[in-house]
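Report on the structure given below.
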Amino acid sequence: MVTSVKYQSPSTKRSNVQKYMSLPIPLLTIIIVIGSSIKQSLGFNNARNFQRPSQKFLHPLSTTSRIEKSFFPRGPLKVSVSDSETTTTSDPNLSTEVEYSLPDGVVCARGVCSLADEEVSEELCYLDEDDDGNLVGMTCVTNTEVKEQNIFSFEFLWPRALLLGCSMLYGTNFPLGRLMNESLPASAATSGRMLLASAVLAPFLLKLKPELRTTSVIGGCFVAAAYLSQSLALVDTPAATVAFLGALTVVVTPTTSVLIDKAKLGFKDAPQTWLAATLCLAGVGALELGGGEGLGDIGWGDFWAAVQGVGFGIAFFFTERMMAKNPDQALPITAVQVGMTAFFASVWAIFDGTGVLGSFGGDNGAWLLDESTRVQYALPGLFLSGFTGDEALRNLAIAAAWTGLITTSANRVGETTALGKMSSSEAAVILATEPLWAALFASIYIGETLGPQDIVGGALIVVACLTTAVKPETLQKLLGIEPENDANLNIPL
């Protein structure tokens, strides 16, 4: 008897995001999304919430496997996948036919996924589910149809240059956030920035699939917690330190995956995750304990910077699991997350501006109750004052517009455009440079300097981010580790 394993990869379906001429009020639209989300189930183990009609993973592969290197219980099967051709290797000892139908391939990096361009992307990745519907990992397939590219050609360079530019722009958020917090209440700076970003992204809310509303709102709550914590940290903590501590996502995201989806991330299956976590924690220790006072150097700013990493790490988990199944939903999901951040930032600004929070978040409490500060700090007064003669406020207005319109909203468009034209590992390496750009721009814009412990700790954290891009098979071979793949495949015979 002969067993054949068939893989079918449908042609990539690309859809252009429809543009709308009107801009609905961001907060009103967010309230509508929240109201609609109440009807949705809050369970995370229901695979139907994330299942695409074209996907039929009857028996999922393990977290760390590549299809061309899959091992089945009674011998290896090597399969080459393309749109027009199916290659099958038979084992006479097997007697059951198993069929897999693969969905559109994606490229994912740091919580964002984009539809892969099969003409230039060297890898096509798919989410794996276990028998209970939990998402337990990512399977990446070598794309045999990829065209040969000259590494000096414009076609090869432009998406990588675009993604590097996005990483650089993300890095400007930290020094500019610190600059705004020195002159504005943190709540005013954050709410103004996010309201601008949500106004730009609000039209994409109309494209959000109903089944994604609940998870998008939940992920948006964690994004809001991350951005608000980041703003609080930048009140009295160096911008470079806040950026480096934000890289705690390399620990938080896989931990969340294990807790919610029961992902198999043991050392044998995912050594790169354990190595990255170890390096990241060592870097955090160097940053926080490397000073002369040890634990005495740790302040509230460091705490909020760490909370930022936790918030983004959990948000990346929710975002990636949604975008990997629905890569055409990247901008609608981002619109919900930014809208949720604008909502919570506005609530914070109201409580802070009326004096309810006292000196929490700065020394400018009750700024809404004073007419002069209200006119200057709240929108649209900040821009009216800044662009009509007040030079000090002009720089703040430019910083608010830059962080709201460019680095928060437009940057996501560039990021999703570039991602689909390279491998996930390439994208992860490029995006890992963000804290380095933050440190560079903090030195240029606000004169921050790095001490020895900052350099050592930051270097360890950046290496940790780069380690997440290493394929598990590489470390398994290097360390002589035998992955526990056979035990995870339960194919009926």
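Each Cβ is built from the backbone N, Cα and C atoms, and glycine gets one as well.
Where the annotation comes from TrEMBL, it is an automatic prediction and has not been curated.
TrEMBL assigns the feature transmembrane segment to one of the listed ranges (272-292, 461-481), namely 272-292. Counting same-chain residues at least six beyond the ends of the transmembrane segment (241-260), those with a Cβ under 8 angstroms from any Cβ of the stretch are 44, 110-111, 134-135, 171, 174, 178, 230, 233-234, 270, 273, 276-277, 280-281, 283-284, 287, 301-302, 305-306, 308-310, 312-314, 316-317, 434-435, 438-439, 454, 457-458, 461-462, 464-465, 467-468. For the transmembrane segment (298-318), the residues of the chain that approach it from at least six positions outside its boundaries are 110-111, 215-216, 218-220, 222-227, 229-230, 232-237, 241-242, 245-253, 255-257, 260, 284, 288, 337, judged by C-beta separation under 8 angstroms. Residues in the domain 'EamA' (162-284) partition by DSSP class (helix H, G, I; strand E, B; coil) as 105 helix, 0 strand, 18 coil.
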